[in-house]
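Visitor: There's a structure below that I have some questions on.
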Amino acid sequence: MLDPALLRHQPADLAERLRTSRGFELDVSALESLEADRKRIQVRTQELQSLRNSRSKAIGQAKAKGEDVSAIMAEVAAFADELKASEVALDELREKIEAISMGIPNLPADDVPAGADENDNVEQSRWGTPRQFDFKVLDHVELGARNGWLDGETAAKLSGSRFTVLRGPIARLHRALAQFMVDLHTGEHGYEETNVPLLVNADSLRGTSQLPKFEDDLFKTAVGDSTRYLIPTSEVPLTNIVRDEIVDAERLPLRMTAHSMCFRAEAGSGGRDVRGMIRQHQFEKVELVSISRPEDSDAEHQRMTRCAEVVLEKLGLPYRKVLLCTGDMGFSAVKTYDLEVWLPSQETYREISSCSNCGDFQARRMQARWRNPATGKPELAHTLNGSGVAVGRAMIAVMENYQNADGSITVPEALRPYMGGLETIA
């Protein structure tokens, strides 16, 4: 959520910035009308509350003197209904203004390139050289079918489309990848391993901005009067650990990682990547989350992105780093780097990690704060999140980049300790 002061005092300027940077149209006239009504009703509410308090005090004083208080009581009763109605109206207006605020995306950093979509993203660097094959390259679906590793048909019987059953050595490789990533981030990168719930409440999703805007992409459960959501990413529970908390300055940056299942309805995917495991309703990811001081978040963002890069480098997977343009960034982000891994079957780079600095946008929603030792007062923290990395897509990249002519897969050296020393799987 943006600073409410921007909405109150600079709505026209804010609307122009949102229009040019995000393609978002803010209804300034509606906002100004609501704000004018809020101010008017708030003034009247405060007048009535002050009057109630003064008359209540007068009643107490009169009773202490043994005087008749019926006239004062009648006066209080006369404006009590107006006060109640005024308080209800004020709450309703605040809710309407908050609903508008919750639907406004974050403002991009000044150094984020302007653009409409992924075609305007700016490549920052590349690592590794794509392998030249002397045989016909198979994609992960063909490799999986050839070896009996990936079973979409059985998964469809069990759950429908966009699910996959992994069997045998490929299931082991998938598990090895997740273990390798968690060990790397905890052992070398200083993140604390955290095991989080896969079901969260609506407040958690509002805190990290999935609600209310992206509800259609969430899986929702209801048991009796209890409603919970399956997490779309462990960013949600990890970041919400500091919701309504004041973190001591010496604990920052707070770095957490979690390997978890993730669940997405893919409502806006438009039928893309229906073949194979690129885009699934259920997938696994190793997530990185940092809570930092505002002045440190830029450096923390660079560090987090580098931690994700190291995963790909240790696996020997060629990739490129891309700075997302204003039109391709996520709703909550101030700035985002994507890492895209090389897939030989597509002869292109595909996203495998997205690392974002959200500034104080999520923290304001969550009231996640830190105590500034310079002032002794609580201030909004900055939140960052990134994939470190998507496990299924890493498995796809390993399968395709390390495939052999006979359909076997060479196990990357970094994974062999997790595979019982196996050098190939077939």
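Placed from the backbone N, Cα and C atoms, the Cβ positions cover glycine too.
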Visitor: Among Ser125, Ser159, Ser387, which residue does Swiss-Prot annotate as binding L-serine together with Thr233, Ser234, Glu235, Glu287?
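Guide: Swiss-Prot names Ser387 for this L-serine site.
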Visitor: Beyond Thr233, Ser234, Glu235, Glu287, Ser387, what residues of that chain have CB atoms within 8 A of the centre of the L-serine site's CB atoms?
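Guide: So the additional residues around the site are Val236, Leu238, Ala258, Ser260, Cys262, Lys285, Val286, Leu288, Val289, Asn385, Gly386.
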Visitor: Radius 10 Å, atoms counted are CB only; among the binding-site residues Glu287, Glu351, which position scores highest?
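Guide: Of the binding-site residues Glu287, Glu351, the highest Cβ count within 10 Å belongs to Glu287.
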Visitor: When you tally the Cβ atoms that lie within 10 Å of each candidate's Cβ, which of the binding-site residues (Ala265, Ile352) has the highest tally?
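Guide: Of Ala265, Ile352, the one with the most crowded Cβ is Ile352.
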Visitor: Taking every protein chain in this structure into account, which of the binding-site residues Glu235, Glu266 has the most other Cβ atoms within 10 Å of its Cβ?
Guide: Glu235
Visitor: For Ile352 (ATP binding site) and Ser234 (L-serine binding site), determine the Cα separation and express it in whole Å.
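Guide: It is 16 Å, counting Cα to Cα.
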Visitor: Quick one: Cα separation, Arg264 (ATP binding site) versus Ser234 (L-serine binding site), in Å?
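Guide: Computed Cα spacing between Arg264 (ATP binding site) and Ser234 (L-serine binding site) is 12 Å.
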Visitor: Relative to the Cβ position of Ser387 (L-serine binding site), how many further Cβ atoms are located within 10 Å?
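Guide: Ser387 (L-serine binding site): 28 neighbouring Cβ atoms within 10 Å.
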